[in-house]
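Asks: TrEMBL lists 25-107 with the feature domain 'Response regulatory'. The 4-aspartylphosphate annotation in TrEMBL covers 76.
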C-alpha cells in the first residue's frame, strides 16, 4: 500500500470519517412487502428514518401533501398502476428530491 503514496493508518482513519450521513428521511416504495421490509431494515441499519409505502400513487400523495419531509426516495421500477419511472418523472417535475430506482426480478 505504501506504493500508492499514502500512510496505511492515515488512509484507514480517513475512510472511517467518510460515513453516510445519519438521519436521512427516506421514502421507500415497493409493491413487494418482503423487499420493502428488507429495505426498511437496511435503511434503519444505516441510521436512516424510513417511511414505507406499497404503491407509487400513495407515495406521490404523501410527497405532494408535504406533511412529511423526505431527503430521498427509493422506488421499485416495476409496480402496478403507476411504475417507478412515472413516479420519478412526476417527482422531477414537481419537486427537488433525489430518487433512486431499483429493479427486482421475479424468477
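Each residue's number is its place along the chain shown, starting with 1.
Heads up, the Cβ atoms here are built off N, Cα and C, so glycines get one too.
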Asks: What residues, ordered by sequence, lie under 8 A Cβ-to-Cβ from residue 76 (4-aspartylphosphate) and sit at least six positions away in the same chain?
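Replies: Those within reach of residue 76 (4-aspartylphosphate), by Cβ under 8 Å and sequence separation of 6 or more, are 29, 30, 31, 32, 35, 84, 101, 102, 103, 104.
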Asks: Over the domain 'Response regulatory' (25-107), work out the mean pLDDT and round it to an integer.
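Replies: On average, pLDDT over the domain 'Response regulatory' (25-107) sits at 92.
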Asks: Under DSSP, the domain 'Response regulatory' (25-107) has how many residues in helix, strand and coil?
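Replies: For that range the per-state counts are 34 helix, 19 strand, 30 coil.
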